[in-house]
Amino acid sequence: MPAGRFAPSPSGDLHLGNLRTAILAWWFARSTGRPFLVRVEDLDRQRSRPEFEASQLADLAALGLAWEEPVVRQSERDPLYAAALERLTAEGLTFECFCTRREIAEAVSAPHAPPGSYPGTCRDLDEAERAARRAERAPALRLRARERAWTIRDALHGDVTGHVDDLVLRRGDGAHAYNLAVVVDDADQGVDQVVRGDDLLHAAPAQAYLTHELGVAPPTYAHVSLALNAEGRRLAKRDGPVTLRDLSPERAWDLIGASLGVGATSPEALLDELDLASLPREPWVVSL
Ligand code: GLU
């Protein structure tokens with residue numbers, strides 16, 4: 001069944017901005033008749049901690065949010081990512097890349113490509129060249145993109161067209177890349193509505209394109225505005241009492257509800273009070 005989701009990375013406590021995104025992800029799903037899923041994005045083994053996964057899920061429950069079980073973890077889904085890569089590779093849609101970060105930074109990007117885009121260095125190496133390079137370094141696997149621009153539909157931003165890079169799908173050390181995992185997971189879980197912070201808006205066109213290349217219709221998106229501190233920087237734990245370690249769920253609801261222009265203090269009340277047209281498009285400057 002088509003679904004919506006919230007997909008936190010368990011690398012810290014959820015702060016007010018993250019909690020608000022979670023509440024909005026729940027609202028988008030339920031107000032459109034979709035089940036709501038939670039996925040633990042613990043692909044980054046260095047930064048992810050089981051105790052943060054536990055506290056994040058407990059925080060969502062404390063806000064009254066309910067989700068479908070089971071909660072899936074990216075760290076347990078490598079075979080799925082590998083299978084998707086195999087399919088893309090069989091279709092000629094990947095290539096081995098031997099470039100270092102520095103080589104990419106120093107190379108001249110293709111005309112019209114944004115700065116930092118992959119310059120295409122390894123796209124057309126022949127088998128002999130690849131064999132020679134493999135002896136020096138384990139290659140990353142990149143997407144052989146067939147389009148350079150893709151348009152997504154976003155409930156808050158309208159149609160957004162962005163650059164499609166030859167994304168890294170698997171790093172040289174064998175780790176699957178976030179861009180692959182997020183796309184494969186959403187496709188596998190039937191997620192057709194992606195709600196998340198607008199810091200990821202720039203990544204959405206290439207992710208939607210990759211979804212398309214996997215033979216799945218790209219989701220619709222809603223990139224919601226971020227929470228900022230008084231200085232206009234992205235809210236962080238050091239800004240004060242911004243997590244449920246220091247705030248009661250009631251206080252968090254008061255603040256988040258006010259930021260959305262509603263008095264709702266529960267998910268159900270939000271279904272009655274919130275509507276898409278009045279959702280704020282501007283960042284939420286949190287004053288405590
Ligand atoms: N795991 C990402 C984060 O916590 C969100 C990715 C997504 O929602 O697609 O920033």
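For all residues, glycine too, the Cβ spot is worked out from N, Cα and C.
The domain 'Glutamyl/glutaminyl-tRNA synthetase class Ib catalytic' annotation in TrEMBL covers 5-243. Sequence annotations record features per position, and here TrEMBL assigns L-glutamate binding site to R5, F6, A7, P8, S9, E41, Y178, R196. Taken from TrEMBL, the feature motif ''HIGH' region' covers 8-18. Among the features that TrEMBL reports, Zn(2+) binding site is placed at C97, C99, Y118, C122. According to TrEMBL, the feature motif ''KMSKS' region' maps to 234-238. Per TrEMBL, ATP binding site is recorded for K237.
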Positions whose Cβ lies under 8 angstroms from the motif ''HIGH' region' (8-18), at least six residues beyond its ends:
38, 40-42, 44, 47-50, 52-53, 55-56, 59-60, 197, 226-227, 234-237, 239, 242-245, 247, 252, 255-256, 284, 286
Going by Cα-Cα distance, which of the binding-site residues (C97, C99, Y118, C122, K237) sits nearest to A7 (L-glutamate binding site)?
K237
How far is it from P8 (L-glutamate binding site) to K237 (ATP binding site), counting Cα to Cα, in Å?
16
Going through the binding-site residues C97, C99, R196, K237 in sequence order, which have a CB under 6 Å from an atom of ligand 1?
R196
Residue among binding-site residues R5, E41, C97, C99 with Cα closest to the Cα of K237 (ATP binding site)
E41
Per DSSP, to which secondary structure element type does C99 (Zn(2+) binding site) belong, with helix, strand and coil as the options?
coil
